[in-house]
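Chemist: Here you go, one structure.
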Amino acid sequence: MKYIQAEYSGQLNGSVYIPGAKNSSLALLVAACLADDIVTLGGIPCIDDVSIIAGISRDIGMELKQEGGQVIIDPRKIHSAVIDPGKASSYRASYYFAGALLAKFGRVTIGFPGGDDFVSRPIDQHIKVFQALGAQVQIFDDYYVVEAAELKGAEIYFDTVTSGATINAMLAAVRAKGRTQLHNAAVDPEVVDTAVFLNQLGARIYGAGTEHIRIEGVSYLNGGTHVAIPDRLIAGAFLMAAGLNGGQVTVKDVIPEHLSACLAKMGEVGIHVECGESHITAYGTGSLKATRIRTGMYPGFATDLQQPMTALLLQAKGKSIVTDRVFPKRFAHVAQLRRLGAEIELRKESAFIRGGVPLQGSWVHATDVRAGTCLLLAGLAAEGSTIITGVEHIERGYEDVIGSFKSIGAKLSMREMDAQELPGLIHLRG
Ligand code: EPU
């Protein structure tokens, strides 16, 4: 079993290039199914979720080659719209295959989405979209089938703001007959990135980035080239690292506007931030102020950044409160932080923190990718060694997590647990 060993690292200083966004890439790779010619995507990170998509693509006949940092996709020979339930359930965003293959072939058989297990994550809004466009959805034990003789444009009002269902609606409607209008749509950068890509192929999507999106169906999509936007969530976590012990970290190749809520909060806790056109530098002052965080859909403070922010707030003297309204149960990291000595308590959808209490290394387990980032940051600030298991969750979202954190001076190593180490680790677990 792999694990990460983190040592107290003091100040973290340096620069990091930020890769393409995981959550955009997972949509773009599947959106490529819709094209009628070859597509080239840049900025796609080498992460486990992308390898799963590559496996599914092979199964259905979509050729996907990696060449010099680009992924070249040939969707012309797709011969199946049946996705292995095991593969679909091994990551979250497999639902995009449902939208894209339904649009192209009128029928798809696919397993339920899996991925981060921090909370049950409904897909009712995805189903609502398929039905509104005229498809029938049949649910079986471990898969569902969506089919339509013809997809027809529709007026769709989302009951809640969801980035996944907004993207899926664009995928499903882009080749539907007539006009589709989405209301109460998500405005996340990943939604806009997917729309920009599809429009580049000849789709007619208007208004992405606002709450109302209009899609005029087209019958053919060309090939084309696109580069995924930078990963705002990875960038945010690295900037927070500067705050741990008064360091200075620059993230390069980013779009600063995508991090506005995060940067504002960092300012409030006492981290000085400077933005250039495509880089951001965070200057820790060595002293952090407690604060209150409430997550919200974009442009609010991202749920994916509340966990790393929690690691930072453990260092801020006084009481902080972190509330997650998007995923109210996304708090599996709290019990793990307590194992490091953190004074943090969970009540309803909020974590209550008494910051400034010294942390002590121990064995902790990451249950999802962002919980992993949080434990990693906490481990770098804790005295002694922290062992982090659940590395597979971290690797779902981070390309070379060790290398990039090491480049800012973090003392981290990836290790393989052997039989001799096990008793020591069990002792640490307490
Ligand atoms: N929701 C519904 N019904 C649905 C879909 C969503 O009620 O059919 C609710 C969710 O329960 C949640 C809210 O709507 O309360 C927003 O969920 P959304 O659909 O936007 O989330 P998602 O598409 O499942 C994506 C990211 C998550 C990120 C969220 C929120 C991907 C693959 N995942 O999930 O990223 O936290 O948006 O921004 O794009 C991560 O990267 O670690 C991660 C979990």
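Each Cβ is built from the backbone N, Cα and C atoms, and glycine gets one as well.
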Chemist: Of the residues ARG92, ARG347, ARG354, only one is listed by TrEMBL in the UDP-N-acetyl-alpha-D-glucosamine site with ARG121, PRO122, ILE123, ASP124, GLN125, ASP304, VAL326. Which is it?
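Modeler: Looking through ARG92, ARG347, ARG354, the residue TrEMBL assigns to the UDP-N-acetyl-alpha-D-glucosamine site is ARG92.
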Chemist: As a test of the contact definition, list every same-chain residue at least 6 positions from ASN23 (phosphoenolpyruvate binding site) whose Cβ is closer than 8 Å to its Cβ.
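Modeler: In sequence order, the residues whose Cβ lies under 8 Å from that of ASN23 (phosphoenolpyruvate binding site) (at least 6 apart) are ALA93, SER163, GLU190, LEU233.
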Chemist: Counting only other Cβ atoms and using a 10 Å cut-off, which of the binding-site residues ASP124, ASP304 scores lowest?
Modeler: ASP124
Chemist: Taking only the Cα atoms, work out how far PRO122 (UDP-N-acetyl-alpha-D-glucosamine binding site) lies from LYS22 (phosphoenolpyruvate binding site), in Å, as a whole number.
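Modeler: LYS22 (phosphoenolpyruvate binding site) has its Cα 21 Å from the Cα of PRO122 (UDP-N-acetyl-alpha-D-glucosamine binding site).
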Chemist: Whose Cβ, among the binding-site residues LYS22, ARG92, ARG121, has more other Cβ atoms within 10 Å than any of the rest?
Modeler: LYS22
Chemist: Whole-number Å distance between the CA of ILE123 (UDP-N-acetyl-alpha-D-glucosamine binding site) and the CA of LYS22 (phosphoenolpyruvate binding site)?
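Modeler: Here the two Cα atoms lie 20 Å apart.
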